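Chemist: This is the structure I have questions about; it appears just below.
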Amino acid sequence: MSQSRYFFTSESVSEGHPDKVADQISDAVLDDFIRQDPNSRVACETFVTTGQVIVGGEVTTTGIVDVQKIARKVITEIGYTKGEYMFEANSCGVLSALHSQSADINRGVDRKEAIADEFDRVGAGDQGMMFGYACTETPELMPAAIQFAQQLVKVLADIRKAGKIMTYLRPDAKSQVTLEYVDEKVARVDAVVVSTQHDPEPAGMSEAEFQEVIKKDIIENVIKKVIPANLLDLNTKFHINPTGRFEIGGPHGDTGLTGRKIIVDTYGGAAPHGGGAFSGKDPSKVDRSAAYASRHVAKNIVAAGLAEKCTVQVSYAIGVARPVSIYINTHGTAMHGLSDEQIQEKAEKIFDLRPLAIIRRFSLDNPQGWCYQETAAYGHFGRDIFPWEKTEKVAELKTAFSLA
């Protein structure tokens, strides 16, 4: 029988990428509102460009947030602290254009009439469909390509911030990983792309010589630290700063906007996406909270050994608490003779997907040990610090199918 063989690619970007700068500012503003008023309704969008930050959106809250202070703090933490970057924390302009949320929307989300079940009193913040996914390719039950891509730019940022080696690094960077699959299993890494912003070449060194130094450093100190040696071979291609010099970057090189890296934020294209971004949105927005809950469902199903892959879709109508639809697909990998219909029937009873139930389950209105800003770079999934990554429902799922 002939083997099935194909290639699959995912990308990521660093915290210094302009779109991620915007995401982190939006989520830092959200964090401050939530800290002051857990019932805050926030939709915060950020625009960053050369020397300028604009923060706008709709808010219903009792909290008061210093947008300028928060934006400058985030930009400092990322590392844009030098005037030569043309986007610098203390000198950039910061304009706040936040205003009140529509009362029409708020009325549908927070219903005050007497409803017996508390979880039925909070409707979805909007219509839409959200997806969750999990698979057995990595210990985190994430697709391997996106997990490697996230780790590459995270390690690159850690090296830059430590300041001991590769001191020429600047904040903006991108990564991309191409995997070769044989019979649906990861066989090897076919190509790795890393582009990183950097200082000008040192005096006495040519551009070509400096790029060779950067290439060697990234292969040895980043790629080989992240990707298992057994997946790299003599035919693996490394494309490091393939266009050469990359001095101009960040918001000076490209304008950044909140919500433009939704595939980087999720599964790297290995699973569907409903289209709604996450950052800057409070947990009443199901674009965010239901995507987290869907990942939680999918991950627990895979962790319980019910399937090797699982996609979960959930959809909502604005102002209505209960999902309009729930769909589970294990892509033909269900175990123990189970069907997708059987898995879905039990999952719907075990996982309450009403917005307030999701908020309570993960303490999304009072984060403990994490904050929304942390989600805004290096992925919302596959990181154990977040409560939707817990697999505490495994035992209950196994019991439901008499597998315990």
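Placement of Cβ uses the backbone N, Cα and C atoms for every residue, glycine included.
Straight from Swiss-Prot, here's the annotation block:
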BINDING   H17, D172, A173, K174, R245, F246, D254, R260, K261, A277, K281  ATP binding site
BINDING   D19  Mg(2+) binding site
BINDING   E45  K(+) binding site
BINDING   E58, Q101, D254, K285  L-methionine binding site
REGION    101-111  region 'Flexible loop'
Chemist: Counting distance between Cα atoms, which of the binding-site residues H17, E45, R245, K261 is nearest Q101 (L-methionine binding site)?
Modeler: E45
Chemist: Between 0 and 100, where does the mean pLDDT of the region 'Flexible loop' (101-111) sit?
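Modeler: So the average pLDDT across the region 'Flexible loop' (101-111) works out to 64.
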Chemist: In Å, how large is the greatest distance between any two Cα atoms among H17, D172, A173, K174, R245, F246, D254, R260, K261, A277, K281, the listed binders of ATP?
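Modeler: Greatest Cα-Cα span of the listed binding residues: 36 Å.
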Chemist: Expressed to the nearest Å, what is the distance separating K261 (ATP binding site) and D19 (Mg(2+) binding site) at their Cα atoms?
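Modeler: Just about 7 Å between their Cα atoms.
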Chemist: Check the Cα distances from D19 (Mg(2+) binding site) to each of the binding-site residues E45, E58, R245, D254 and keep only the ones within 10 Å.
Modeler: D254
Chemist: Report the nearest neighbour of D254 (ATP binding site) in space among the binding-site residues E45, E58, K285, comparing Cα positions.
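Modeler: The smallest Cα gap between D254 (ATP binding site) and any of the binding-site residues is with E45.
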Chemist: Based on Cα distances to R245 (ATP binding site), point out the closest of the binding-site residues E45, E58, K285.
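Modeler: It is E45, whose Cα lies nearest.
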Chemist: Which residues does H17 (ATP binding site) neighbour through Cβ under 8 Å, counting only same-chain ones at least six apart?
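Modeler: Once residues fewer than 6 apart are set aside, H17 (ATP binding site) is near D172, A173, K174, G250, G256, K261.
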